[in-house]
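Below is one structure, written out as structure tokens; comments come after it.
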């Protein structure tokens, strides 16, 4: 082949075709290996956590803590997650995914190591601090996945990542429950969890980051070249490329500079046009949390079934959620990769299924609603993340995912309060309230339908 510009253009086109349209033109094999490793990171993360979390209430009570103290420590963890999600996600945009992901994994490992040495209530509470602040492995991994793949493939990859993580969440409690049967089982389980996080850190360290940076840079250049809004997005892509060029040195900048940059990026998100997306996420999160809030108690009161049956039903739903994550590819292709329309339909389906559960006259109707709800909630959770990144742009993916996690954390704080109030009136009170909130979310999405009609080209607009 004769060297020259034309030859280079032909080579680039051949490389893009070889990549199969996956949005990473430079090295598709490296990118695919990178993505599979991140699936393993998600699996190990939730596998380790779910080994310990079900045993924590029993352990803190064995240390002599009252129910109130245990509740305060649990709430403290939620509050730390609420405020740290946005900051850590934004920090990952500034210093880079590699350093932020490693820092979160290693500091979380420290927290679980301290948990394995918690012989007093004070040490137990202290061990929750590093985990509460830095346990954002999944959010940063999702931000990294959004950097690696194209918008077209993002729902499929995110769905598979959620499925891999869910498998870890299904297997973890079984292993943790088995280990807890032995003397000092909780301490052993905590140390094993910390070791799993260290293993995860080693896996992240060995990832081919140099190839990922090259692929990621070419990915953004291709997106910037083909964007129909080239004039308005030119500066944005230049700024993104410049920030990524200095990412490796940003980790060693002054902490004050990093904090100032974080606050600036958060202000940009706060002044953007994403309020309705986050409001929909909040309403649907609270609705789903209300559905599960009194699930076991409501089944016992309404249908006189034992808690063991409710546990089996929830495990069954979790397994179906894993299957739904694997089926996201065909479903998104069926919808022509229209994330907004898929989110609208899945939310409507979720609302209908919660209404079916609230008005169920037999346990078989509950099983039916739980079966399909596992699919609709998994699809909706993936679609809302994809819509956030599509509207906001990959340039601030860590910040966007962090804000989304903070919104969900607010829902986790509010949902138990709303559930308690609604439950005073009826066992069906929480799911009935959930139906109302889901309907409000659907109304908001319909009211903003025109805004997302061409969502593929919409980007973050700061005031």
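Cβ coordinates are placed from backbone N, Cα and C, and glycine is handled just like the others.
Going by TrEMBL, these are the annotated features:
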- 34-453: domain 'Major facilitator superfamily (MFS) profile' (DOMAIN)
- 1-20: region 'Disordered' (REGION)
- 37-56: transmembrane segment (TRANSMEM)
- 68-92: transmembrane segment (TRANSMEM)
- 99-115: transmembrane segment (TRANSMEM)
- 186-207: transmembrane segment (TRANSMEM)
- 274-293: transmembrane segment (TRANSMEM)
- 313-335: transmembrane segment (TRANSMEM)
- 342-367: transmembrane segment (TRANSMEM)
Distant-in-sequence neighbours of the transmembrane segment (274-293), which means Cβ under 8 A and at least six residues beyond its ends: 314, 343, 347, 350-351, 354, 357, 373, 377, 380, 384, 387-388, 391-392, 400, 403-404, 407-408, 410-412, 414-416, 418-419, 422, 430-431, 433-435, 437-438, 440-441, 444-445, 448, 451, 460
In the same chain, residues at least 6 away from the ends of the transmembrane segment (99-115) whose Cβ sits under 8 Å of its Cβ atoms read 48, 52, 88, 91-92, 123-124, 126-137, 140-141, 144, 190-191, 193-195, 197-198, 200-201, 204-205, 251, 398
Stretch-level contact, the transmembrane segment (37-56) and the transmembrane segment (342-367), CB cutoff 8 A, at least 3 pairs: no
PLDDT averaged over every residue in the domain 'Major facilitator superfamily (MFS) profile' (34-453): 82
